[in-house]
Amino acid sequence: MQRVLELLLLSSTALAVIGDGFIALPVHKLQAGEGSAHFPNRLPIFDVVNGVAKSVEDDVNQIIQPIFGNGIFSGGSIQGTHSGNGHSVKYEVSLPSSSAQKGSNGPSSTDNKDTDPSKTGFSLDDLMNSISTDFWNLIGLNKPPTSSDNGSKDADFTPSAVSQVEQPTSKSVESTAPGSASSASSSSSSEAASSSQPSEDSQPSSSANKKTGAFFLSLDNTQTLYTATLKVGSPAQEVQVMIDTGSSDLWFISSGNSQCKVNGGSIDCDKYGVFDKSKSSSWHDNKTDYSISYYDGDKASGTMGQDNITFADGFSIENANFAVIDNTTSSIGVFGVGYPELEAVKSKYTNLPFAMKEQNLIAKVAYSLYLDSRDAVQGYILFGGIDHAFYTGDLKAFDIVQCNDKYVYSQIPLTSVASSLNNYTNAYGLPAGSNHPKVGAVIYNGTDSFNGGVDLKDTLTLLDTGTTYSYLSKDQVESIVGLYGNVTYNDAGKAYEVPCWVGNPGNYLEFNFKNEQYIKVPTSEFVISVGTYASGAELCVFGILPGTHSILGDNFMRSVYAVFDLEDHVISIAQAAYNDNHAVVPIE
């Protein structure tokens, strides 16, 4: 088996022991312009009134098939052919003799929940033990623990299979799962990557070939928003959309959008791609009008319909509901992953997160977000799973707060914000008229401690990837800015001025959630250079803006690992850990 796995590794197929198949797709970031007023805020404008063991055969099939394809169990060996990345490898893997002796026909084909090896032919532990530790070390993975290792795992997030990934890495992470008081080491290390993608004219897989478990969607960092690439229609058309936890609809810009340059408008619609429904044989127009307005001023109108959407090979939604927009000034569509209550149509429908569970792509309507650092090229949204390598400390769960007895926004209470200043380079000797630091307010002689802060009184706050900056009430923003000196509003930037040195490395804001979780965010995320004073000194404004809704946008979200569970109505958060390792566990 070791030699076969090495051959597969050489053919650019990597392995990871995790849930029943998961895929990684990248998220891209847009480039920021100057100032702050024109960045995306895709919060829709609405008046809101209104752990069971499987049979050994199942376990082994889940592990073998993603690696080798559909092999045949025959006596004490597994035979078959694996194809991928332009390579085809025939294999015959001999099972350990102790296993082969137990049954001439391999594992039982019945749905036997008893995993006793003496009753099922051979055990999953036998298979895992047959792979040498040297091989796991070779590909950069820790050898997965077996029952004989007395290893523990979180009962809420149970790994169940192996999947193909691109970049083998390893990390063992101590973690506490949402809703669980016990801390456990993740029993499966995995690699985030993108599985081989279907060709442009490939058809979405039938439900019989779909995988269940967890899958990544890569998010490309454009500096103002995060974009994901989806394949829609038959044959597939590749279109980028921005990922948005603050809305619920998926919509694509139509090739017929009147605002596109090719149609006489001013928008470069080719930059992120458009959907031409006339070229899709599987498109169905349901004749329902669609219209939505966002707080950043963008609007979109078109019609609702259904078509097939592919995220990665084996992970697709058939007859997904979405809108095709023929009139918008936005250059990119939106992939809303919020509650259905935020849908911009009167008759509610099954949006994509819920359709993923309905069509068995994931076991629970949940996803986790890791945007990585500000300078990172991409982040990830992981549907149906948690990557324990992407955070430090414990995940703390907070109940999502309802709005008028309905789950509408993914909002949790924000208790307070404090500041720590440890780097005073260029803090003094500022020109007259500039925003001098208020000595004694938050300057603690270089110590990493807090003598104060701003009490936000558990303000309900939306965690929103569709918003570039963050928003609090005018009074709250002024209180935070007041920690740094004079409170001056800049009309041109539509934001409050702040001393540029506050953004020095080593300075940070600490966000307190119910005195249970504290997230540190570098102040550089909130200090935005927008020009110069008349004196020539640099002018900066604060990246928490005054608004009617409390929103923690991308400049906060990059510092947190967040798990959105729309089924149990909780959001779990922890301090983000920037690295390239993975330890993925599907949520069951």
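Here the Cβ of each residue, glycine as well, is placed from N, Cα and C on the backbone.
The annotation active site is assigned in Swiss-Prot to Asp244, Asp464 on the grounds of sequence analysis. Among the features that Swiss-Prot reports, pepstatin A binding site is placed at Asp244, Thr245, Gly246, Asp464, Thr465, Gly466, Thr467, Thr468. Swiss-Prot lists 95-110, 160-179 with the feature compositional bias 'Polar residues'. Feature annotation from Swiss-Prot assigns compositional bias 'Low complexity' to 180-208. Under the heading domain 'Peptidase A1', Swiss-Prot lists 226-574. Residues or ranges marked as N-linked glycosylation site in Swiss-Prot: Asn150, Asn286, Asn308, Asn327, Asn423, Asn445, Asn486. Residues annotated as region 'Disordered' in Swiss-Prot: 83-124, 144-209. Here Swiss-Prot flags 1-16 as signal peptide, drawing on sequence analysis.
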If you measure Gly466 (pepstatin A binding site) to Asn308 (N-linked glycosylation site) at Cα, how many Å is it?
24
Chain-internal residues, separated by at least six, CB under 8 A from Asn423 (N-linked glycosylation site):
Trp501, Asn504, Pro505, Gly506, Asn507
Of all the recorded positions given, namely Asp244, Asn286, Asn308, Asn327, which is spatially nearest to Thr465 (pepstatin A binding site) at the Cα level?
Asp244
Looking at pepstatin A and its recorded binding residues Asp244, Thr245, Gly246, Asp464, Thr465, Gly466, Thr467, Thr468, figure out the farthest C-alpha pair and report it in angstrom, whole number.
12
Considering the recorded positions Thr245, Asn286, Asn308, Thr465, Thr467, which residue's Cβ sits among the greatest number of other Cβ atoms within 10 Å?
Thr467
I'm trying to understand the geometry here, so how far is the Cα atom of Thr245 (pepstatin A binding site) from the Cα atom of Asn327 (N-linked glycosylation site), in Å to the nearest whole number?
23
Highest CB neighbour count within 10 A among the recorded positions Asn327, Thr468, Asn486?
Thr468
Give me the CA-CA distance between Thr468 (pepstatin A binding site) and Asp244 (active site), in Å, as a whole number.
11
How many Å lie between the Cα of Asp244 (active site) and the Cα of Asn327 (N-linked glycosylation site)?
20
Would you list, in sequence order, the recorded positions among Gly246, Asn286, Asn308, Asn327, Asn486 whose CA lies within 10 Å of the CA of Asp464 (active site)?
Gly246
Spatial separation of Thr467 (pepstatin A binding site) from Asn486 (N-linked glycosylation site) - C-alpha basis, Å:
27
Would you count the other C-beta atoms found within 10 angstroms of the C-beta of Gly466 (pepstatin A binding site) for me?
29
Looking at the recorded positions Gly246, Asn308, Asn327, which has the shortest Cα distance to Asn286 (N-linked glycosylation site)?
Asn308
